Structures are given as structure tokens and as C-alpha cells.
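Scroll down for the structure; my scribbles are underneath it.
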Amino acid sequence: MESLEVANGKSSALGVSREASSPPQMGFFIAQVVLRFFTLAFTGAAIAVMVTAKETVEVFSISFTVRYSYLSAFKFLVGADAVVCGFSMLSLIFVSIFNKGKSNHYFFLYFHDLILMVLSMSACAAATAVGYVGRYGQDKAAWMAVCGNVKMFCDKALASILLSLIGFICLFLLTIMAARNLRVSGHLI
């Protein structure tokens, strides 16, 4: 009987299941660590790029300076990226320390990743909308495109938004992985 349980991946003599260290579980752990690190790196880079986005132009001998902090959507993006970056660092530490494969950890990780994903998605959407109007204008509302005058600022803002979107995609993948593990473990939400 004991040999049958060992062949099935369980060891009753030790009272320990080998399923927690099986290759699929280890693959999940590695993918999770890599995606959390990428989320941390991309949102950190997005913050750095957006905060340094500044340009001064002269119109009719009057000097104007454009900064990310003048636009509420860009401030929201930086704030959301800071929250996502910080909590990604904490979750990376949490996952590394508490890698036990317990299903209740999957639920907390799922919930954590879901909240961060929604926050990131809303900030990216707001910044993308403002960036689109800045680049192309809105003729029917008589809003002029301004990126022709502040090209460097607009390019940096675009780069920051793209980096934030990559961070969002990493969070989306983490959410799917955590939901899948909840389902596989039999602890559906």
C-alpha cells in the first residue's frame, strides 16, 4: 500500500505530499516570480520616464513649461504605478518567503493581483485618453493637438504609458494564473 501511495506522488511514511514540489508547481512559482519582477521593473521604469517628462517651449516670446504634474491623468498614472510597484515588491517578497503552495495563499494573491490590475488598467486608460487628445486633438470640441509643439514631452509620456501597459499585462497574466490555481486546487471563488 505504501508503494502505491509513493507511486501516486504521496509519502504516507513522512506524512508529506510531494505534490507541492512537483514540476508544474515549481513552474508556477518561477513564472509568478518572473512576472512579479517584470511588473515591478516596468512600472518603476514608467514612473521614472513620466517624472522626467518636462519640456519648455517659447510661443510669441513667452516661455511655457509642460510637466506631467500639470495633467491629472498623468499624476494618476504615476500614483497608480507607484502603488503597483510597491505592492509588487511586497508580493514578490511574500511569494518568495511563503512558497508553501497553500490554496488560501492563491486566493489572497488572486485578490491582490486583481485589485492592482484594475487600478493599473484605469490609470492607463485615463492617461491614454489624455495622451490621444494631446497628440491628435479633438476637432469637434475645438481641442487642438499640442504634441507638435512639445514633441519630447509627448514621446516620454507615450513611453511611460506603454511601460505601464506592459506592467498591466503582467498583472493580467498573474491574475489568470492565480485563478487557475484556485480552480485546480478545488477552492473556487
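Cβ coordinates are placed from backbone N, Cα and C, and glycine is handled just like the others.
Going by Swiss-Prot topology annotations, Thr52 is found across the membrane from Val184.
Most Cβ pairs under 8 Å with the transmembrane segment (157-177) belong to 28-48, among the candidate stretches 28-48, 78-98, 114-134. Secondary structure of the topological domain 'Extracellular' (49-77) per DSSP (helix as H, G, I; strand as E, B; remaining residues coil): 12 helix, 12 strand, 5 coil. For the topological domain 'Extracellular' (135-156), residue counts in helix, strand and coil come to 11 helix, 2 strand, 9 coil, using DSSP.
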